[in-house]
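**Student:** This is the structure I have questions about; it appears just below.
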Amino acid sequence: MERLERCGRWLRAALARGRVRRRLPVLLLAIAVLGSALKDSELVPDTPLQNKRNPLNVYFVKMAWAWTLWLLLPFITLTTYELARSKFLYGRTKSALLVLRRLGALLVGTAVWYLCTGLFLYVENLTGECSLQGKPGQPPRLYASKQECHQDSGVWNGFDISGHCFLLSYCAMMILEEVAVLEALSIERSSKLRVLINVLLVSLCFLTVIWVFMFLSTALYFHDFSQKLLGVLIGLSAWYGTYRVWYLKPFSPGLPLPKIPLSSKKYSYSR
């Protein structure tokens with residue numbers, strides 16, 4: 001438990017005052033640009049990461065939103081309820097309503113993930129064509145979608161916006177926004193709640209490291225530059241449009257710290 005506490009305190013200090021949160025968007029854009037340059041220059045060595053079946057891709061990235069959702073769900077619930085009770089002195093009913101409101105951020109995130117991935121698939125189908133070796137005497141066939149092409153063992157060539165760059169950037173930024181609530185929480189070291197929140201914090205930060213690392217892997221081994229750049233720009237736009245614009249409005253899930261702007265000096269940090 002002592003190691004967990006030290007790890008939790010170190011992560012809180014590293015994340016204090018939003019330094020990582022402010023710098024990560026620039027880092028992701030730089031990775032997309034430089035990674036693409038290295039890929040196009042053929043300077044990237046062969047590694048297991050270039051295989052789409054590598055464990056990190058199969059068990060984490062392919063389920064990136066599920067991992068993010070199920071770790072943020074208890075984290076937002078516990079931290080928002082504790083913040084409402086201890087900082088804002090809300091009763092149980094009002095605290096529970098605030099929790100439900102904040103959990104709306106996960107519904108918004110799910111909608112963003114669903115709509116954007118659907119849009120990417122639509123664009124790829126709209127701009128693509130199927131390449132396959134036809135049998136002698138067989139008339140050419142037009143394919144309406146990537147799925148139909150693959151059913152005939154063909155290769156679909158379309159504009160494939162990088163879903164990895166979109167989702168990994170969006171998930172990483174969302175996690176950093178939500179863990180910012182810890183800057184206003186002060187919980188007794190001996191409490192079970194502090195232990196549970198530390199476990200969730202360490203897990204979320206570890207997950208963020210995986211997302212950034214796999215974002216780097218995508219930049220180095222997959223997609224064209226324009227596909228990666230558009231993917232990360234959409235991911236960052238979705239984050240900015242929610243946490244920096246919409247969530248400042250009354251009719252929204254709100255920020256992790258209600259009524260306190262993220263840049264405010266009232267945004268305190270308790271170790």
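Just so you know, the numbers here start at 1 and follow the chain as drawn.
Using the three backbone atoms N, Cα and C, a Cβ is placed for every residue, glycine included.
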**Student:** In TrEMBL, which of 103-123, 166-186 is labelled transmembrane segment?
**Tutor:** 103-123
**Student:** Using Cβ distances below 8 Å and needing 3 or more such pairs, separated by at least 6 in sequence, tell me whether the transmembrane segment (229-247) contacts the transmembrane segment (103-123).
**Tutor:** yes
